[in-house]
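Participant: In case it helps, Swiss-Prot gives these features for our protein:
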TOPO_DOM  1-104  topological domain 'Extracellular'
REGION    1-26  region 'Disordered'
MOD_RES   SER49  phosphoserine
TRANSMEM  105-125  transmembrane segment
TOPO_DOM  126-151  topological domain 'Cytoplasmic'
TRANSMEM  152-172  transmembrane segment
TOPO_DOM  173-195  topological domain 'Extracellular'
TRANSMEM  196-216  transmembrane segment
TOPO_DOM  217-220  topological domain 'Cytoplasmic'
TRANSMEM  221-241  transmembrane segment
SITE      CYS232  site 'Influences on amino acid transport capacity'
TOPO_DOM  242-332  topological domain 'Extracellular'
DISULFID  CYS249-CYS321  disulfide bond
CARBOHYD  ASN260  N-linked glycosylation site
CARBOHYD  ASN264  N-linked glycosylation site
CARBOHYD  ASN276  N-linked glycosylation site
TRANSMEM  333-353  transmembrane segment
TOPO_DOM  354-369  topological domain 'Cytoplasmic'
TRANSMEM  370-390  transmembrane segment
TOPO_DOM  391-411  topological domain 'Extracellular'
TRANSMEM  412-432  transmembrane segment
TOPO_DOM  433-453  topological domain 'Cytoplasmic'
TRANSMEM  454-474  transmembrane segment
TRANSMEM  477-497  transmembrane segment
TOPO_DOM  498-514  topological domain 'Cytoplasmic'
TRANSMEM  515-535  transmembrane segment
TOPO_DOM  536-547  topological domain 'Extracellular'
Amino acid sequence: MDPMELRNVNIEPDDESSSGESVPDSYIGIGNSEKAAMSSQFANEDAESQKFLTNGFLGKKKLADYGDEHHPGTTSFGMSSFNLSNAIMGSGILGLSYAMANTGIILFIIMLLAVAILSLYSVHLLLKTAKEGGSLIYEKLGEKAFGWPGKIGAFISITMQNIGAMSSYLFIIKYELPEVIRAFMGLEENTGEWYPNGNYLIVFVSLGIILPLSLLKNLGYLGYTSGFSLTCMVFFVSVVIYKKFQIPCPLPVLDHSVGNLSFNNTLSMHVVMLPNNSESSDVNFMMDYTHRNPAGLDENKAKGSLHDSGVEYEAHSDDKCQPKYFVFNSRTAYAIPILAFAFVCHPEVLPIYSELKDRSRRKMQTVSNISITGMLVMYLLAALFGYLTFYGEVEDELLHAYSKVYTFDIPLLMVRLAVLVAVTLTVPIVLFPIRTSVTTLLFPKRPFSWIRHFLIAAVLIALNNVLVILVPTIKYIFGFIGASSATMLIFILPAVFYLKLVKKESFRSPQKVGALIFLVVGIIFMIGSMALIIIDWIYDPPNSKHH
């Protein structure tokens, strides 16, 4: 009997509890949706899976305790909201300012609200399907709906999402660890040394930290890492808001001899023109005259308006410091996939639901409403203030953009270190369910093998390292995974499972019609986004020197 199977779940009342008395040791360890596809862990019954579940997630509980198909939930409403918020929050927040820069503020807000509302509706469909289908496992719902192909489809979508998550975390290490090393060692951008090279660093971190952690048979630190990840993202948003009011526009050129931007009203400032990759015309940047004196530049041309920081700049006819409200270009195609990537939490909804104390669909829907709304606010703040800091110069990974104006800044350094620790500890958590699912599909009912355990982890880490080294920018990971697996998990799979498994409603009922429309919208999003992204790859090939 599958430990998470609920034979009688379809008679559970919507507004009443289906759980019994509470038992100790709440389920507090669900990670990021980009961290773990929990369904594959619960579905597996091999020794590794059982060890992972009983030691890594369920504390002192035995797996046998879940043999009761109607086992009681133990996790409070508040902790469930925290767990789901943590499942939603991930590396996708770092790409939202880039999405706003390529859609405009108003269009981005409309799209953000739309994806959030559609995610809530998707959770509603998923919860109802789980009730009617009698299972709290994503792959099992696929199997009940379409047999083996449905199970494989769910497995591939969840695995792709987790591989994309692993790659995005390794990209963050590739981007941010060199900046931390440069800050501590006082190095300039291009010194020719090997140790600030992000490609080397991700290999060293993978071999020295990620692979050893991935060889553990259980990950008991998951709950602590999850809480730390969410805390560091809150800190990240706070620093983004704070830095908006410190960094002037146009962006001054970083003076490496000083190490930070320091503005002095008594110093003469020269305006120089530097190319702006994201716009057709140039952007006005500032240079300190005491360090650089561009030939042929008239000192009188440096006069202009005075910012509160004391930085003078020359007004330009095409002012780059004005926010754009509606933007459409080739990079706009990445907006919806980035947003979809940021809101994926659906593989974790059902495990969190199964552990909710006094659970009901209505209560779990409220948990989802609170969690998604909270993350919506954080996403909007991070995107808006990040965009209003850099405008058209924003990077596809927001933290990396601050390297343009700082080499050593304590708040940013703290954020970078916190994010680096969080993502480094999270990569093994993402790898665990992928390995468990691969083991379940390829080596069913085989005894645990350390050799297989090691080889699967090593191959997955090696493939992700190659991917991160070869792909020049994180936006392609956000874009491709968001347009494919994230769209499948948010739109397509919940809708088709609902249409297939919920039998008591006629196909012409408003609920089924709504699910059908939702499915069509998801297919359009998926095909449209993938087509536009591929066109962008063809006509605007990646610039390898971008990072």
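Including glycine, each Cβ sits where the backbone N, Cα and C put it.
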Participant: Let me know the most crowded of the disulfide-bonded residues, choosing from CYS249, CYS321 and counting other Cβ atoms within 10 Å.
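Facilitator: Of CYS249, CYS321, the one with the most crowded Cβ is CYS249.
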Participant: How many Å lie between the Cα of CYS321 (disulfide bond) and the Cα of CYS232 (site 'Influences on amino acid transport capacity')?
Facilitator: 29
Participant: Is the number of Cβ-Cβ pairs under 8 Å between the transmembrane segment (105-125) and the transmembrane segment (370-390) three or more, considering only pairs separated by 6 or more positions?
Facilitator: yes
Participant: Give the sequence-ordered list of residues that share a chain with CYS232 (site 'Influences on amino acid transport capacity'), lie 6 or more positions from it, and have CB atoms under 8 Å from its CB.
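Facilitator: Listed in sequence order, they are VAL415, ALA418, VAL419, VAL421, ALA422.
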Participant: Pop the mean pLDDT for the topological domain 'Cytoplasmic' (217-220) in here, whole number is fine.
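Facilitator: Within the topological domain 'Cytoplasmic' (217-220), the model's average pLDDT equals 68.
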Participant: Any residues 6+ beyond the ends of the transmembrane segment (196-216) with a Cβ under 8 Å from its own?
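Facilitator: Residues packing against the transmembrane segment (196-216) from afar: 170, 173-175, 177-178, 181-182, 187, 424-425, 427-428, 431-432, 435, 453-454, 457-458, 461, 465, 468-469, 547.
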Participant: Please report, as numbers and ranges, the same-chain residues at least 6 past the borders of the transmembrane segment (454-474) whose CB is under 8 Å from any CB of it.
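Facilitator: That would be 91, 94-95, 163, 166-168, 170-172, 174-175, 199, 202-203, 206, 210-211, 214-215, 396-397, 431, 434-435, 438-439, 542-544, 546-547.
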Participant: Tell me, please, if the transmembrane segment (477-497) and the transmembrane segment (370-390) are in contact, taking contact as 3+ Cβ pairs under 8 Å between residues separated by 6 or more positions?
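Facilitator: They are not in contact.
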Participant: Ranking 333-353, 412-432, 515-535 by Cβ pairs under 8 Å to the transmembrane segment (370-390), which is first?
Facilitator: 333-353
Participant: Take the C-beta pairs under 8 A between the transmembrane segment (152-172) and each of 333-353, 412-432, 515-535. Which stretch has the highest count?
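Facilitator: If we count Cβ pairs closer than 8 Å to the transmembrane segment (152-172), 412-432 scores highest.
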Participant: Take the topological domain 'Cytoplasmic' (498-514) and find every residue of the same chain, 6 or more past its ends, with a Cβ under 8 Å from one of its Cβ atoms.
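Facilitator: 121, 125-126, 128-129, 132-133, 141, 144-146.
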Participant: Please list the DSSP helix, strand and coil residue counts for the topological domain 'Cytoplasmic' (126-151).
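Facilitator: Once the DSSP states are binned, the topological domain 'Cytoplasmic' (126-151) shows 21 helix, 1 strand, 4 coil.
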